[in-house]
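> Below are the features listed in Swiss-Prot for this protein:
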- 14-17: region 'Interaction with host APOBEC3F' (REGION)
- 40-44: region 'Interaction with host APOBEC3G' (REGION)
- 54-72: region 'Interaction with host APOBEC3F and APOBEC3G' (REGION)
- 74-79: region 'Interaction with host APOBEC3F' (REGION)
- 75-114: region 'RNA-binding' (REGION)
- T96: phosphothreonine (MOD_RES)
- H108, C114, C133, H139: Zn(2+) binding site (BINDING)
- 108-139: motif 'HCCH motif' (MOTIF)
- 144-153: motif 'BC-box-like motif' (MOTIF)
- 151-164: region 'Multimerization' (REGION)
- 151-180: region 'SOCS box-like' (REGION)
- 165-192: region 'Disordered' (REGION)
- 176-186: compositional bias 'Basic residues' (COMPBIAS)
- T188: phosphothreonine (MOD_RES)
Amino acid sequence: MENRWQVMIVWQVDRMRINTWKRLVKHHMYISRKAKDWFYRHHYESTNPKISSEVHIPLGDAKLVITTYWGLHTGERDWHLGQGVSIEWRKKRYSTQVDPDLADQLIHLHYFDCFSESAIRNTILGRIVSPRCEYQAGHNKVGSLQYLALAALIKPKQIKPPLPSVRKLTEDRWNKPQKTKGHRGSHTMNGH
């Protein structure tokens with residue numbers, strides 16, 4: 001019988017970012033209790049030796065599983081040290097992979113207080129609304145003019161430490177274009 005391959009999207013992430021993610025998840029599970037329903041699975045609880053950890057986030061009758069890996073093949077650059085993250089949505093026997101933005105939106109729908117679009121309608125109806133959004137990573141678009149006006153009145157409260165964002169975990173901070181301050185290009189290229 002032939003070998004069968006299963007392809008999975010694994011976001012290449014540096015080790016320090018994964019460690020920060022794990023610390024934030026554990027802090028909000030055990031200390032702040034904002035993520036008390038989440039489940040953290042250690043590497044020694046997994047049968048796969050490449051799995052570093054798993055975070056199971058219940059979403060109603062489904063769940064989001066964020067798996068961190070170690071010991072993968074290194075990437076093209078020196079800092080790609082064989083660490084990675086996969087994000088999976090599971091419901092009963094069905095599972096699919098999701099991108100970090102969608103993962104943050106799914107987390108935001110089920111956890112953390114939010115001052116959202118529905119706040120405008122609820123405010124007009126005289127209902128009490130949450131004064132601010134605790135999980136800004138869950139919003140990926142610019143709100144309506146009314147939403148922006150109401151949000152401008154209420155400054156977001158900085159939560160220390162911040163809530164764990166999947167988008168922030170998988171963000172590629174190495175390949176972004178560098179920003180130089182003050183100078184308009186190279187001195188040698190400008191002829192100065």
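The backbone N, Cα and C atoms fix where each Cβ goes, and this holds for glycine too.
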> For T96 (phosphothreonine), what residues in its own chain, 6 or more apart in sequence, show a Cβ-Cβ distance under 8 Å?
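Sequence-distant Cβ neighbours: E88, W89.
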> When you measure from the Cβ of H108 (Zn(2+) binding site), how many other Cβ atoms are you left with inside 10 Å?
21
> Please list the DSSP helix, strand and coil residue counts for the region 'Interaction with host APOBEC3F' (14-17).
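Computed counts for the region 'Interaction with host APOBEC3F' (14-17) are 3 helix, 0 strand, 1 coil.
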> For T96 (phosphothreonine), name the DSSP secondary structure in the helix/strand/coil scheme.
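Reduced to three states, the DSSP call for T96 (phosphothreonine) is strand.
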> Please count the residues of the region 'Interaction with host APOBEC3G' (40-44) that DSSP assigns to helix (H, G, I), strand (E, B) and coil.
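Per DSSP, the residues of the region 'Interaction with host APOBEC3G' (40-44) fall into 2 helix, 3 strand, 0 coil.
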